[in-house]
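Data first, discussion second: the structure below is written as structure tokens.
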Amino acid sequence: MTIIDASERIAQLRQEIERHNYLYFNEAKPELSDYEFDKLLEELMALEREFPDLLTPDSPSQRVGGTITKEFPVVTHREPMLSLANTYSAGEVAEFYNRVAKLLAAENVHKQEMVAELKFDGVAISLLYRDGVLVRGATRGDGVQGDDITPNIRTIASIPLRLHQPLAGEVEVRGEIFMRKEDFEQLNDNRPEEERFANPRNATAGTLKLQDSAEVARRRMNFVAYYLKGLKDETLDHVSRLHKLEALGFTTGGHYRRCKTIEEINTFINEWEEKRWKLPYETDGVVLKLNNVQLWEQLGATAKSPRWAIAYKYPAQQARTQLCNVVFQVGRIGTITPVAELTPVLLAGSTVSRSTLHNFDEIERLSVMILDYVMIEKSGEVIPKVVRTLPDERPADAHAIAIPTHCPECDTPLIKPENEVSWYCPNEEHCPAQIRGRLLHFASRNAMDIKGLGDALVEQLVAWGLVHDVGDLYLLQEPQLERMERMGKKSAQNLIRALDESRTRSYDRLLYALGIRHVGRATARELAHAFPTLDALMQANEERLAEVPDIGTTVAQSIVDFFAKPSSRQLVDKLREARLQLAASASKIEQVNRNFEGMSLLFTGTLERYTRQQAAELVVERGGRVVESISKKTSLLVAGRDGGSKLDKAHKLGVRVISEDEFMGMM
């Protein structure tokens, strides 16, 4: 291929890829499967490698990341990125509306049209485009200066690297980066329990600060635009600018409305208070802006916020209930967590009977007692939390919560490490709760995926003394299992079969399954690449470990401490005897493709070459996930013999159906 041919093909591929990016992220109308899209991207990247002079910063290939930024440069915003003043009641909204009316009357302006739009619960950023090409992305920072995070911004597919319409000179686009609920849950599922993010906004903020843009690219984030500055025609009103942003390739969320009266504003606010829970992302309020942009400058701003806009914040979903008891749970790494047992109450569409109290300090801060009436809140967090007590309603028989000094499971004196807020049980080898926690983690779907090994059975195995660590699982025999409650011959056979199948799980999944503190799925993969055998990893010191991407001194120390324990070395010996994968297989780690990255697959009918478990393993190893029911979000339905009703449903929903042969070809 000549450089001229390559240039033409590269231009075609870039245009096609950006079109499909826009359809997927902005219109939610994908025309290609993830596999087909990835093939286009692979072709583009191959051509750019072959003809490096044709690589440009606005190429879609630059979204995959790979840049390591040791320190983000500080940049000054062209105009301050002010935060909006918040309101929390209809009365405050009316005060704002009347205040603007008064200011406009002073300017001899009598048309007061407002725009109401949903407030995304994300992280504000500024994008600078020069002659239509993205040249900088920066955080809000203190409003005057922010961090230049351009390498991370380039990885977000809903941000165009080149505007869809030609614009000369410089224009600035501002908006919010956020994470969809589904992507947030998937990210948390792959993190150690103690390092999970509380909500999508925290996950977004933490991701944008990462120094490795390749890791940012792996975490699916989105962008919604709400501000455009630098157009030649500055007379456009706010709604017209939102339309212009959409024409330039951005999504604006689509949920905004012109409002000419305070009644119309209140209608929009009330309408979305309930509807927002059905959205695939978090929204915590409504932003109100004067539609006439020319008046923004005339109305001006205070030191902190503009006078022409305000944010109405929905109250967090709260409910009143009674705290009946507090139990202290012991996690798999020994963390003691107080959990409130509550009178069941309906909150945000579900019945809540338990709520976290986080730690002992939180109990003291809340001054909460047994039998107190409390307010619980659900505001994007993983589980509800107690936010305050109602002391005026305290019953006469309310009594203090007995804070334990010893482990509620094994009676070992608790310890509180320096610089930590939680108390721990140090008896990790013999504490039944910690053993149960490690077994359940080992058997979980993202780890060894041992079907049938649930809470009830694990509790019996530990109570009967049959299992002391995960290595003992592979010594279990059918007759032992048949004697357990609700474990007949068939269930025992199924569990033994599931344990046998787990012996083939990849080395990186085994590393995650070991439950080393601070080692999630992503870190386990990096370790498997850096140390191809478990023996090599066990011999590594902190300095060598810290050289691995995304592993700092804390994680390195945790790994060294884990393998320094005699019990850990004994466990490795058991796993070796059980014939588990203690080394990286070239097919599973080194050379495995990622053809199913981000895809959800469903199997139906009988497969000729694989069991369902084997097929699912192949999908997960290649970046995909296997679902149990079909929906519009399903990427592919793999149809074996006698596919049944799922085939009909797939055709109705427009889900792509492939044969087992096509499935093999994709691998």
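Every residue, even glycine, has its Cβ placed from backbone N, Cα and C.
Going through Cys324, Cys431 against Swiss-Prot, the one listed in the Zn(2+) site together with Cys407, Cys410, Cys425 turns out to be Cys431.
DSSP assigns Lys289 (NAD(+) binding site) to a strand in the three-state reduction. Using a 10 Å Cβ-Cβ cutoff, Glu36 (NAD(+) binding site) registers 12 neighbours. Applying an 8 A CB threshold to same-chain residues 6+ apart, the list for Cys431 (Zn(2+) binding site) reads Val330, Gly334, Cys407, Glu409, Cys410, Thr412, Cys425.
Annotated pair Leu84 (NAD(+) binding site) and Lys119 (active site, N6-AMP-lysine intermediate), C-alpha to C-alpha distance, rounded: 11 Å. The binding-site residues under consideration are Leu84, Cys407. Their Cβ neighbour counts within 10 Å are lowest for Leu84. Long-range Cβ neighbours of Lys289 (NAD(+) binding site) (same chain, at least 6 residues apart, Cβ-Cβ under 8 Å): Met114, Val115, Glu117, His238, Trp308, Ala309.
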